[in-house]
Amino acid sequence: MSWHPQYRSSKFRHVFGKPASKENCYDSVPITRSVHDNHFCAVNPHFIAVVTECAGGGAFLVIPLHQTGKLDPHYPKVCGHRGNVLDIKWNPFDDFEIASCSEDATIKIWDIPKQLLTRNFTTYKKELVGHSRRVGLVEWHPTAANILFSSGYDYKVMVWNLDTKESVIVNPVRTITCHQDVILSMSFNTNGSLLATACKDRKIRILDPRLGTILQEASYKGHRANKVLFLGNMKKLLSTGTSRWNNRQMALWDQDNLSVPLTEEDLDGSSGVLFPFYDVDTNMLYIVGKGDGNIRYYEVSAEKPHLNYLTEYRSYNPQKGIGTMPKRGLEVSSCEIFRFYKLITTKSLIEPISMIVPRRSESYQEDIYPPTAGAQPSLTAREWLSGMNREPILVSLRPGSQPLSPRPLPPEKPLSTPTARTYPLLDHTAKLSAEDGQRPLSQPEGKAPRWAAEHRPEEKQPWLTNGFDIFECPPPKTENELLQMFYRQQEEIRRLRELVTQREVQAKQLELEIKNLRMSSA
């Protein structure tokens with residue numbers, strides 16, 4: 001549709017997509033067959049969650065990230081909704097908390113246990129009841145803890161404060177009622193001070209998420225938007241949709257002036273929805289088409305032509321949905337800058353696809369891994385509701401590094417838990433407690449961010465499977481590490497076999513004693 005230059009100088013010009021091998025995929029996964037235009041997949045460094053088929057209600061699977069291969073057909077589900085699950089999102093500040101929304105008009109918050117599930121999980125932490133029709137989207141605030149947004153088919157966007165004691169929350173802190181039709185997409189800017197929405201009435205709106213007022217509105221007739229996305233701090237929006245001639249199209253907008261797009265680009269004549277993903281650290285834009293097997297990627301610049309086409313990952317397997325790994329879960333040793341999890345319904349398969357910058361050196365590449373948003377909130381819910389805005393707390397992806405801006409949160413006790421969730425300065429507190437002869441203060445189980453757990457090995461409570469910690473032990477990166485893990489597992493198997501043999505001998509001895517007692521009594 002549009003002409004792309006053959007050459008452009010860029011460090012990301014040779015980025016390529018590398019699909020995982022068959023043994024590193026997730027096979028026999030009953031992926032949902034819902035026609036809703038959502039991702040149906042959410043990923044964090046510990047788990048992959050995917051919406052699944054379920055009789056008599058809605059459910060989704062939560063699979064530990066390392067548990068690749070063929071899935072047990074009786075693998076336990078997270079179920080509790082009375083209707084189909086339409087969207088799931090992990091809490092960006094808690095890798096064990098996930099939100100789900102459903103056709104039953106409710107949103108549920110789940111605390112996923114650390115140990116592997118052995119039966120269907122039905123105990124939710126909180127239930128949010130406020131929408132009058134089915135809820136299609138949920139979105140966590142990017143910088144404030146315990147703030148969740150939801151949009152439903154009642155044309156409303158609701159803001160929820162989860163920092164309460166109630167297990168059932170009926171009244172949201174804010175209801176935004178400016179939309180005239182179904183909301184198709186929601187996106188926050190970097191600090192969460194602006195919310196962009198795409199609506200079925202063909203309008204893109206930029207809202208104040210606290211007041212619910214419309215700051216900008218686009219009613220451009222030449223582009224019908226389905227998805228909208230803030231492009232980091234570039235003060236630009238990207239939308240995907242269709243043109244007047246029903247070609248799939250993307251458009252770039254100035255967030256201060258939505259009257260006319262800065263640029264439009266027709267892609268093809270297919271009918272599937274285009275999902276946009278933006279990497280703030282590399283300024284790369286990925287366009288994933290529902291029903292396609294391809295992933296296009298671009299480099300975004302402030303100067304014209306703004307969208308610079310790089311290349312395209314091609315595959316014959318069409319994707320039903322897609323999930324993305326947060327930056328803190330990537331393999332920096334292999335120069336991986338993005339990772340997709342592709343849902344292939346025709347094969348009941350989840351296929352990881354790594355976007356890799358080819359480099360000869362195996363050392364840490366500082367130029368492609370700038371400081372990125374970590375797993376620590378920069379605001380409490382009360383601070384954000386009072387009108388404060390802060391940028392995300394950044395971390396370095398270099399192995400063993402600490403947060404670059406460890407600003408302590410105010411000593412405010414969340415109402416939902418008896419222990420204050422104060423993430424920073426944990427090492428310093430533990431050191432002082434050790435000097436006083438006391439046990440170091442610990443976070444509620446499963447609530448500490450990943451960087452805190454890495455720097456407090458004395459407080460880890462490992463969950464051992466085959467001799468290694470399934471959550472804290474990283475996957476092997478070299479052949480030597482793989483051999484070490486293999487020998488460790490073999491030793492654990494040998495030990496367990498000896499234990500089973502001892503138990504069998506003891507059981508036979510007990511049987512003989514029982515037999516002798518019966519004969520003597522007779």
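Each residue, glycine too, has its Cβ placed from N, Cα and C.
The coiled coil annotation in TrEMBL covers 493-520.
Per TrEMBL, the feature domain 'DUF1899' maps to 5-69. In the predicted structure, the domain 'DUF1899' (5-69) carries a mean pLDDT of 88.
Positions annotated as region 'Disordered' by TrEMBL: 397-417 (among others).
The region 'Disordered' annotation in TrEMBL covers 433-458 (among others).
TrEMBL lists 78-112 (among others) with the feature repeat 'WD'.
Residues or ranges marked as repeat 'WD' in TrEMBL: 128-170 (among others). For the repeat 'WD' (128-170), the number of residues in each DSSP class (helix H, G, I; strand E, B; coil) is 0 helix, 22 strand, 21 coil.
Sequence annotations record features per position, and here TrEMBL assigns repeat 'WD' to 176-217 (among others). Sequence-remote contacts of a segment are chain residues at least 6 beyond its ends whose Cβ falls under 8 Å from one of its Cβ atoms, and for the repeat 'WD' (176-217) they are 37, 136-137, 139, 141-144, 149, 151-153, 155-159, 224-230, 232-233, 237, 239, 241, 253, 255-258, 280, 384-385, 387, 389-392.
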Ask   = Mind checking which residues reach the repeat 'WD' (78-112)? Cβ under 8 Å, same chain, six or more beyond either end.
value = 32, 34, 36, 38-47, 49, 51, 54, 57-62, 120-129, 131-140, 142, 145, 148, 150, 152, 160, 162, 326, 373, 375-377, 446-447, 449-450
